[in-house]
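Asks: Let me begin by handing over the structure; questions about it come next.
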Amino acid sequence: IGLGLYTVNAVYGDTIVMPCPQEVPNDLMFGKWKYVNTSPVFIAFRSTTKKGVQYDDVPEYKGRLSLSENYTLSIKNARISDEKRFVCMLVTVDNVYEEPTVVKVFKQPSQPEIIHPANFLEAEKFKMLGECIARDSYPDGNITWYKNENILQPVEGVVVMSLQKVVDQSTGLFTTTSSLQYMPTKKDANAQFACSMTYYGPSGQEKISSEPMVFDVHYPTEKVTIKVLSQRNTIKEGDNITLKCSGNGNPPPQEFLFYIPGEPEGIRSSDTYVMTDVRRNATGEYKCSLIDRSMEDSTTITVHYLDLSLIPSGEVTKQIGEALPVSCTISSSRNATVFWIKDNTRMQTDPSFSSLQYQDAGNYICETTLREVEGLKKSKTLTLIVQGKPQIRMTKKTESNKSKTIVCHVEGFPKPAVQWTITGTGSIINKAKETNYVNGRFSSKIVISPEENVTLTCIAENQLERTVTSMNVSAISIPEYDEPDERNGDNREKVNDQAKLIVGIVVGLLLAALVAGIIYWVYMKKSK
C-alpha cells in the first residue's frame, strides 16, 4: 500500500494478480473492475445471481483477463501499458464500494554488452573505446563503466562517457547506451574493461554486468635488448650463434640492424640473426638497434678455441740409446689442462728421452681440455718405435740330475728370431723354450746332458743384424761348478781353464819367493 493505495508489482510477461481490496458484503449484487484513465473504462463484471463473468470489449485486454468468485482480477502477459490505477467496485442494494489498486510493471534488461569495440588503443591517444548497450528494460536505468573492477570516473580529455536512452514505442521498453572515450597508458595493457546496468526490479534496485573485455594497447619501443640464444653457457669454434633482438614496444618491432665484428655496416634482419660454424675471430662486441638507429643494445661474445701442437707426432722410429726431444704446446682462449697418456695409462710426468730404451716404446697421447667449455678437447698421438740390433748373453747351470741348462738372453727390436746349433754335428736344436717378449727382452733356454764336451751356438737375428755367440759345455761326467753370469760372448769353459792357469802361476811364484828367502837367510847366517 502506497499513499493510501494498494500497489501490485508485476514482472513484464508474467500474470498480474489483483485481489479486491474491499471485503465482499453479504448483500452484494455484483462486482466490477475498471481502470481510470482520463475517464473510467470498465473491463470485467460478475453478478451474484447469474453465474459466469462478462468481460468488456477492451482490445488491449481481450483474452487476457480472469475474474475469480472472490473478485480477484488476473491479467496475463503483463505489459508496460498495464501500469495503471485499477478500481474494484462492489455494488449492493443501497451502496457502492470502490477501492483502487496501482499496478507497477518491471522488466530486467538483457545483459549489457560492449559493442563496436576499438581494434586497439594507443597510449596517450584519446579515442573511442566502445559502447555499452543494455536492451529492453523498464523502467530506465543507468550505465557505469569499470576498469579492473574499479569504477571509471569522468576526467576531461581522459575519460568521457555519453549516455543515451531510447524507448520502443510498441513495447514501452528502454534501450540504454553509454559510449566511452578513453586515453590509455602503457599500464592499461591487459586491463579489463566492463560495464553494468543499474535498474529497478520488483524488490528494489539491482545491477547486471557485461563480460569483461581486454583491449590491445599499442605503445612505442623505449628499450632494445640483445641476447645470445644458446643451449650452453659457453661458445666454442664450430658452434652456431643465434642472436635475438627485441624491443619492449607493442606491437614489438619486426626488423633490426645487427652490427657484427668485422662488418662496417649494420645488417638488416628480422629479430633473429644466425651465424654458423664460427671461428675465434668472431669474438667481440655485438650490437643491434632499431632500423632508424634511435636506440641500441650490445653484448660481448667470446668464441673459445684450443690448439695443440705435438712435435714429433705420428709414427716415429728411433734407435736404442738415441735422444728424442718431445714438445707438446697449446694455445687457447683460457688456461687449459694438459696431460699425457701412454698405452691407455695416464702418466705422472711428461715424457723425456735422453737415452731411449726398449721400454720407452709405445703409444703416447698428449691431450688437453678447457674445463669451462663443454666439448672442447684436443689430442695428438706419438707412436714411438725403439729399434736395436740383437744383443746376446749366455749362461749355464748344472742341475742336480747332472743335466745342464743353457740360457741365451736376447735383447733387440724388432724381436730377433733365435736358433740353437751344436758344433761337431752342426745340427739345429728345436727343443728351446722362450720366455715372453717384454720391453725388447726375452730368453731362450735348452736343457742338455752331453756325453762329451760340446760347443753350443745361439744365433739371434732381426732386420737390423745377425748376432752369434757360442759356449763350451763339458760332458756330464766332468764335474763343473756353476758360474756367475758373464756379459761377453767368450765361452765359459775357456774362462775356467784360464783361471786355473793364473792361480797356478801365482802359487808357483809365491813358492819360489819363499824358497829364495830361506836360501838368503841361511847364506847370511853362515856369513856371520
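Placement of Cβ uses the backbone N, Cα and C atoms for every residue, glycine included.
Annotations in TrEMBL come from automatic prediction, not curation.
Just lifted these from TrEMBL, have a look:
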- 100-209: domain 'Ig-like' (DOMAIN)
- 220-302: domain 'Ig-like' (DOMAIN)
- 321-383: domain 'Ig-like' (DOMAIN)
- 390-469: domain 'Ig-like' (DOMAIN)
- 501-523: transmembrane segment (TRANSMEM)
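Explain the structural surroundings of these features, please.
Replies: Across the domain 'Ig-like' (100-209), the prediction's mean pLDDT works out to 95.
Counted with DSSP, the domain 'Ig-like' (390-469) comes out as 0 helix, 51 strand, 29 coil.
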Asks: So, by DSSP, how many helix, strand and coil residues make up the domain 'Ig-like' (321-383)?
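Replies: For that range the per-state counts are 3 helix, 31 strand, 29 coil.
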Asks: So, by DSSP, how many helix, strand and coil residues make up the domain 'Ig-like' (100-209)?
Replies: 3 helix, 68 strand, 39 coil
